[in-house]
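For reference, TrEMBL has these:
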REGION    148-170  region 'Disordered'
COMPBIAS  152-164  compositional bias 'Gly residues'
COILED    175-202  coiled coil
DOMAIN    209-368  domain 'Hflx-type G'
BINDING   215-222, 240-244, 262-265, 328-331, 346-348  GTP binding site
BINDING   Ser222, Thr242  Mg(2+) binding site
Amino acid sequence: MSELYDILTETPPTKVVLLALDQGLWDCERSLAELSALCEANHMEAVAQITQKRQTPETGIVLGSGKLEEASLAAQTLGAECAVFDGELTGSQIRNISNALGGLEVIDRTMLILEIFRSRAVTNEGKLQTELALLRYRLPRLQGMGEALSRQGGGGGGGGGARRGAGETKLELDRRHVHARIDALAEKLAEMEKRRGESRKARAKTGMPVVSLVGYTNVGKSSLMNALCGPSVAEADMLFATLDPTSRKLVLPSGMAVLLVDTVGFVSRLPHNLVEAFKSTLEEAAWSDVIVRVADAGDEQREEQLAVTDEVLDGLDCTDIPRLTVYNKCDKPNTLSLDPDILLTSAKTGYGLDKLLQKLDEVLSDRVHTIRVLLPYDKLGLAAPMRERGSVQVEEYREDGLYLEGIVKTEDLHCFEGYLV
């Protein structure tokens with residue numbers, strides 16, 4: 001299949017026509033708006049939208065033939081090179097719709113999202129997970145998507161079927177190759193998961209609390225992280241700007257250092273294969289001490305999105321982890337919240353960030369203690385827990401030892417027994 005979807009910023013975006021079947025199952029207008037944003041994230045420009053309200057799809061082509069004729073005319077008139085369907089299609093449906101559109105390239109919502117993930121993945125694990133999701137998506141669609149079907153080999157002496165592969169169709173060879181690659185990828189990812197588990201254990205030993213930012217894509221999680229920690233995380237006004245968990249050190253007003261993690265964002269009707277393939281990145285939240293749910297303050301469906309976020313988190317066994325709710329992008333109009341438990345922030349202006357930091361301090365207060373100690377000069381190594389996992393606020397070298405005032409983790413208190421003053 002041709003690679004039409006690479007993000008090529010030096011070339012104009014590919015013009016596409018959006019297709020949608022409105023069965024009343026969700027807000028079609030909102031879904032198409034999100035699909036248009038997805039196209040933009042993949043360097044595509046939606047130049048037309050063709051929708052049809054009907055209870056059941058047209059056999060083989062989903063939309064009625066009249067609607068497809070309308071779409072074909074729009075594509076020709078506006079110079080569209082591709083049609084994007086707002087839903088998931090079978091291989092035969094892709095082929096049939098393409099034929100009805102005069103051979104126009106056809107992809108569905110799932111393929112579009114997978115291609116975005118493929119182009120945005122940064123780490124080796126993210127790239128492997130994306131490839132795995134793509135292969136699992138394409139496997140049942142090899143024939144319908146028009147993969148080569150010509151027969152290979154002639155069977156040779158001994159008759160057809162005398163040896164494995166003789167007389168196999170190209171489709172069968174493709175399927176065996178894809179199955180083998182899927183198995184290899186799954187094995188590699190299992191090894192990476194094991195190493196990530198060891199990394200989490202090492203992180204736990206440092207005693208640094210973990211705070212995870214979770215929520216739908218494009219609600220400003222990366223911008224919020226950069227506003228709190230300083231710029232480093234890639235941020236963009238497009239969907240899926242962050243596809244691999246990114247972690248940064250953040251020092252709270254109390255002096256406590258925490259690890260702030262920016263996770264992959266959710267999207268409406270996220271493809272099942274993609275959820276499974278990227279489950280490991282979402283599982284970062286399960287290792288958190290605090291989860292910060294971030295929503296777009298100006299989004300009318302923010303509460304529904306937060307409910308979906310909670311459902312996913314509960315499925316990852318995060319029910320006992322404290323959660324904070326943040327309405328970000330409060331620089332936009334109509335963002336007032338009457339709920340005192342909801343924090344209002346603006347990564348753009350800095351509004352509300354101080355309150356968010358204070359709230360994190362409150363939630364994590366049982367994790368730290370402020371102490372004063374006097375360490376003999378032959379025991380200066382005991383200062384390490386305060387320096388490395390807490391913070392030193394006062395340091396004085398006295399005749400009888402090193403005097404320290406600062407913050408230490410609860411689990412490090414025992415290190416200073418006998419030296420408290």
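Quick reminder: no glycine exception, Cβ is built from N, Cα and C everywhere.
On the structure: features taken from TrEMBL.
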residue: Gly215; record: GTP binding site; Cβ neighbours (10 Å): 26
residue: Asn218; record: GTP binding site; Cβ neighbours (10 Å): 23
residue: Lys221; record: GTP binding site; Cβ neighbours (10 Å): 29
residue: Ser222; record: Mg(2+) binding site; Cβ neighbours (10 Å): 23
residue: Val264; record: GTP binding site; Cβ neighbours (10 Å): 23
residue: Lys329; record: GTP binding site; Cβ neighbours (10 Å): 23
residue: Ser346; record: GTP binding site; Cβ neighbours (10 Å): 21
Stretch-averaged pLDDT - the domain 'Hflx-type G' (209-368)
80
Taking only the Cα atoms, work out how far Ser222 (Mg(2+) binding site) lies from Gly215 (GTP binding site), in Å, as a whole number.
11
Based on DSSP, name the secondary structure state of Lys221 (GTP binding site): helix, strand or coil.
helix
